[in-house]
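Enquirer: Please see the structure below; I have some questions.
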Amino acid sequence: MYVLKATEMAEIDRVTINEIGVPGAVLMENAARGLASVIFDRVKGKNALIVCGAGNNGGDGFAVARNLINHGYKVEIVLLTSPERLKGDAKINYDILLNMGVDVKVAEKETDLTVLLDSLKNADFVVDAIFGTGLTRPVEGFYATAIKFINEKSNFTVSVDIPSGLFAGESFLPEGEFIKADITVTFAYPKIAHVLPPACKMCGEVFVVDISIPESKVKNLLPHRELITVEKVAPAFPGRDMDTHKYNYGYLAVIGGSCGKTGAVSMTAMASLRTGVGLVTAIVPRDLNTIYEVKLTEPMTIPIISAEKGHFNANSLDEVITVLKESKFSTVAIGPGLGWNKDTEIFVSELLKTIKKPVVLDADGLNSISKNVDILKTLRETPILTPHTGEFSRLTGIPVKEINNRPIDTAVKFATEYGVVLVLKGARTIVATPEGKVYINTLGNPGMATAGTGDVLTGIIGALRAKGLSAELSAVAGVFVHSLSGDLAAKTLGEESLIATDLIKTLPEAIRFLKEAAEKEKSKDSFVKSFREIVGA
């Protein structure tokens, strides 16, 4: 499913209404029915307070009020503007309520907000229909006070389209007041604020309602920005032919390791095998090889001359280059546990000049090229980079706060400029491609914020790339199955106790789930879906 900015959604609405001919009132009624459906299923109590603004968001509020009344709910409505300001479809739905004999209370200034406070006392839940996705400036004054009262007094809040006060097309939190919703029901497509933190944390659980926008007719208006779904990643796990051998499934080289960081390479290697790569060899400092021989059973090792402190340096180059040329590696992963110093900066930069195979760069492999990022443009095959925001900040020189405020924009700019597939790791990992496409992952949990999970991800992505998948699909599928493994592990162990190797143990279950999901016939479509239902996991 596509993820939109507010301006993109506005244009789709315009084309749907003005060019295709679907009346705005029809879209509003579909939105209200979907919103009411979520309330019926997920919200306790039958005393509703609907707080409406002047625009179409308020119109949605009027329409859902009617739907709730028709189903036996006791509904109070507070309009935070003069009725004279209402127009179009919002005015139509307001007039319908008046014709039904429904009392709509009006508050136009702060002294009128006693009406809101009185209504809040009686409400089991509040429907926030004040501001919609078109908001572009922080909420202050009268409206800020109203929002503050709702946040303080509401037992449960359902936001219409977007929590009032948030900017739908941005992931950062505005300076003004905004609603802190328990549920947000949005229409047609999720927006960036619904998906990316910290804004998404204000949305609560998000549901997407199909309001009958004909997607086939607005396809050219949709962005190359999508949620990662089972449907997207299932082709990465097609199963195996009967007449086959290990080299049919790729050969991954993992280059890394240093004194004190031997676990990283081990986890990368084991994760790659659990992802189905045919062979994996760990290319490691010679002084540490005995440790790897003990830790690893299925993966092979190749010990390489290294610095006295147990890390690769310029003296390691010739041996590694020779090994890569003489072996049948199909992909090379560089960085797990590598260490970061002047020696590794020289080692990685010089090594990349010689590699003709696909590369996955992670951790200290990324740190080691942070002063020589242009080397990425010289690689023959599209590389996959897997930085967290700190590593990405070092690569770009952009402060972490700025990256967090606009992660999609910064990821796309880097991926297109350097011709890489960028996996920007975080609570909602973003994959950006050289063509400017963006994929957003909504799986995963806070328990995965633990040492080594990035090394596991490198192994998964490296395995998929070694098996012959494109850089794009390797990254997208790798991120998804990695997070799914984390969710499966957390379900059994809890988030606090989760460690990186738990993800390796649940990888088989995650992959089996994807394979089974791909084989199942699609279930009947619902016009209201949660994010979990959208992504299929």
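Yeah, the Cβs are placed from backbone N, Cα and C, and that goes for glycine too.
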Enquirer: ASN57, SER164 bind K(+) in TrEMBL, but which of ASP95, ASP124, ASP128 does that record place at the same site?
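Expert: Within the candidate list, TrEMBL flags ASP128.
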Enquirer: Among GLY397, GLY447, GLY452, GLY454, which residue shares the AMP site with LYS425, GLY426, ALA427, ARG428, THR429 according to TrEMBL?
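Expert: Looking at GLY397, GLY447, GLY452, GLY454, the one TrEMBL places in the AMP site next to LYS425, GLY426, ALA427, ARG428, THR429 is GLY454.
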Enquirer: Long-range neighbours only, meaning 6 or more apart in sequence with Cβ under 8 Å: which ones does SER164 (K(+) binding site) have?
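Expert: Counting only residues 6 or more apart in sequence, the Cβ neighbours of SER164 (K(+) binding site) under 8 Å are GLY53, ASN57, ASP128, ILE130, PHE131, LEU135, VAL139, TYR143, ILE147, PHE178, ILE179.
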Enquirer: Within the chain of LYS425 (AMP binding site), which residues six or more apart in sequence place their C-beta under 8 angstroms from its C-beta?
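Expert: The answer is THR386, PRO387, HIS388, THR389, GLY454, LEU457.
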Enquirer: Looking only at DSSP and grouping its letters into three states, which state does GLY59 ((6S)-NADPHX binding site) belong to?
Expert: helix
Enquirer: Under 8 Å Cβ-Cβ from ARG428 (AMP binding site), six or more apart in the same chain: what's there?
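Expert: Listed in sequence order, they are VAL195, LEU196, PRO197, CYS200, ILE440, ASN441, THR442, GLY444.
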Enquirer: Using a 10 Å cut-off, grab the number of neighbouring Cβ atoms around the Cβ of GLY454 (AMP binding site), all chains included.
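Expert: Other Cβ atoms found within 10 Å: 25.
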Enquirer: Across all the protein chains here, work out how many other Cβ atoms are within 10 Å of the Cβ of GLY337 ((6S)-NADPHX binding site).
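Expert: If we count other Cβ atoms within 10 Å of GLY337 ((6S)-NADPHX binding site), we arrive at 27.
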Enquirer: Measure from the Cβ of THR133 ((6S)-NADPHX binding site) and count the other Cβ atoms within 10 Å, all protein chains considered.
Expert: 27
Enquirer: Rounded to a whole angstrom, what is the C-alpha distance between ALA427 (AMP binding site) and THR133 ((6S)-NADPHX binding site)?
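Expert: Taking the Cα atoms only, ALA427 (AMP binding site) lies 23 Å from THR133 ((6S)-NADPHX binding site).
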